[in-house]
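Here's the structure we're looking at; comments come further down.
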């Protein structure tokens, strides 16, 4: 009887890294592979949607981006300890392939895979390499790119796979779009897995300023950070706007498929979900993102005609209200945006990534 092949997925930090990792895990399990997820305590918060058969290993890792001088002095030792710990685990249970999705928690498994010369690959979700993926780009067999083009180091060739989306998103791929009209409508406001304060500052007031003909039919699902929850909830209530405000939605694909309009940051996973389901969107790239990668992420959807992009520097209540009214007051235009969004999607991204994993395993 042949040994069941093992895939180690290294990811963590935010949903942007974890959601595509989850998508790959779901398919590899169905193909008869064992799957381990190597992450840290922060990444483990996003594992609730992973299939229960995924073995989760929390490894020691750290980042230079947070903490004081003393904390930064400890970082190299924590990372080294994590890498050595991963080497010990991989010698006991040797993976056939290791795939990194970025984030500092990916360092131990990717570092161990490099030291052990295991078949390995990174997947970069954004149009600019994250810090960890940049370190490993020249130390892996394959660099898979979710956004195209992706800026890569000299001598590194990327393969455009698209960004894998979870099973719950694929189940709603290309779901029929109900154009805006004089009947109940939905708007989804999301700021990525960690929320976005600027959306809580601007969007509620922008919605309240919409024409009454639109506002009377509108219900809002708004993701707000814990610290913004009370004021956002109170604002909607004071203005008589039907709103469901939560720090995190576990059913984003369902809410997105029901929405006439999505207002969102342009994290790679959010853009992938919007394009695979096919919904008009207003995107506000996170201005402080490394290498301005959220602007790069939004470009494909915007150029296809599926999204309106508002830079943070131009984001006001007035500019947001104007764009919302433009979409929700124009059924045919909204329909065209939905079709354009769908044309920019890559629903086969997970299958493409799976094929790369299988090709790497066959070379071992």
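Glycine is treated like the rest: Cβ placed from N, Cα and C.
Look at TrEMBL and you will find 14, 15, 16, 126, 166, 193, 294 tagged as UDP-N-acetyl-alpha-D-glucosamine binding site. The number of other Cβ atoms within 10 Å of the Cβ belonging to residue 14 (UDP-N-acetyl-alpha-D-glucosamine binding site), over all protein chains shown, comes to 19.
Under the heading domain 'Glycosyltransferase family 28 N-terminal', TrEMBL lists 8-143.
As annotated by TrEMBL, domain 'Glycosyl transferase family 28 C-terminal' applies to 188-352. Note on the domain 'Glycosyl transferase family 28 C-terminal' (188-352): its mean pLDDT in the predicted model is 96.
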For the binding-site residues listed (15, 16), most other Cβ atoms within 10 Å of the Cβ sits at 16
